[in-house]
Amino acid sequence: MIDSIRSSRALIDVRRLGTVDYRAAWQQQRDLADARVAGGPDTLLLLQHPAVYTAGRRTEPHERPLDGTPVVDTDRGGKITWHGPGQLVGYPIIGLAEPLDVVDYVRRLEEALIKVCADLGLDTVRVPGRSGVWVPGDAGRPDRKVAAIGVRVSRATTLHGFALNCDCDLGAFSAIVPCGISDAGVTSLTAELRRPVAVDDVVTSVADLVCDALDGVLPVREHSPGARVASAM
């Protein structure tokens, strides 16, 4: 049985926007959310941002850049992160079906990105208690986040979304405590696969799989580190 999380059966309007200033994209999200509440379509924005730090509602003062670099405070969940060139950002503006299940929504975004990584040859997992998509730690290296997720739901409509590190500058994360997690690392598809993986290489797959996950065509499965070990035995 296909189990969509969306309240609409119409196709999602996927828009590839190139590079967009963060504040401009945030305003576009709010405009689209207003339109969705008024009966407009579900929309998925796919884009990159010029380099910027953004802080979710739970960001602590000590997690901000120590050098005073400006930070855009947002109304999404989560803590501080970085966006910039080489990172694919997705903002689904989706009307959720009742009863609302935000955890299920986040799991569906994770499922899509886990499948994107798997199709490229990268094994990724969920980490209990932490959102996003992770490369499990090994050989003395910690778990490493390759995709971050931070969302907001208002009037049964989603805003903000996910960021998949493709070939971005990982050094930008060194000035902050990414997502408030000090005992794990940040990585990219390029770093893990040891070959160039650009945003353009994954944007079509991300668009298709996010839509499939939200519509229930791609079901949510178990991807914990424990399940990974068990399946390898």
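Numbering starts at 1 and runs along the chain as displayed.
Cβ atoms are placed via backbone N, Cα and C, with glycine included.
Here is what Swiss-Prot records for this protein:
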ACT_SITE  Cys179  active site, acyl-thioester intermediate
BINDING   Arg76, Gly77, Gly78, Lys79, Ile80, Thr81, Trp82, His83, Ala148, Ile149, Gly150, Gly161, Phe162, Ala163  substrate binding site
COMPBIAS  57-66  compositional bias 'Basic and acidic residues'
DOMAIN    38-218  domain 'BPL/LPL catalytic'
REGION    57-77  region 'Disordered'
SITE      Lys145  site 'Lowers pKa of active site Cys'
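Under the DSSP three-state reduction, Ala148 (substrate binding site) is assigned to strand. Trp82 (substrate binding site) is surrounded by 27 other CB atoms, counting those within 10 A of its CB over all protein chains shown. Remark: Arg76 (substrate binding site) has Thr54, Gly56, Arg57, Gly150, Val151, Arg152, Leu159, His160 as non-local neighbours, by Cβ distance under 8 Å and separation of at least 6 in sequence. Assigned with DSSP, the residues of the region 'Disordered' (57-77) fall into helix, strand and coil as follows: 3 helix, 3 strand, 15 coil. Spanning the residues Arg76, Gly77, Gly78, Lys79, Ile80, Thr81, Trp82, His83, Ala148, Ile149, Gly150, Gly161, Phe162, Ala163 that the record associates with binding substrate, the maximal Cα-Cα distance equals 16 Å. Other Cβ atoms within 10 Å of the Cβ of Gly150 (substrate binding site), summed over all protein chains shown, number 24. Taken together, the residues in the domain 'BPL/LPL catalytic' (38-218) have a mean pLDDT of 91 on the 0 to 100 scale. Trp82 (substrate binding site) and Lys145 (site 'Lowers pKa of active site Cys') have their C-alpha atoms 13 Å apart, to the nearest angstrom. Distance from the CA of Lys145 (site 'Lowers pKa of active site Cys') to the CA of Ile80 (substrate binding site) is 14 Å. Contacts of Phe162 (substrate binding site) defined by a Cβ separation under 8 A and a same-chain sequence distance of 6+ are given as Val89, Gly90, Leu109, Leu113, Ala147, Ala148, Ile149, in order along the sequence.
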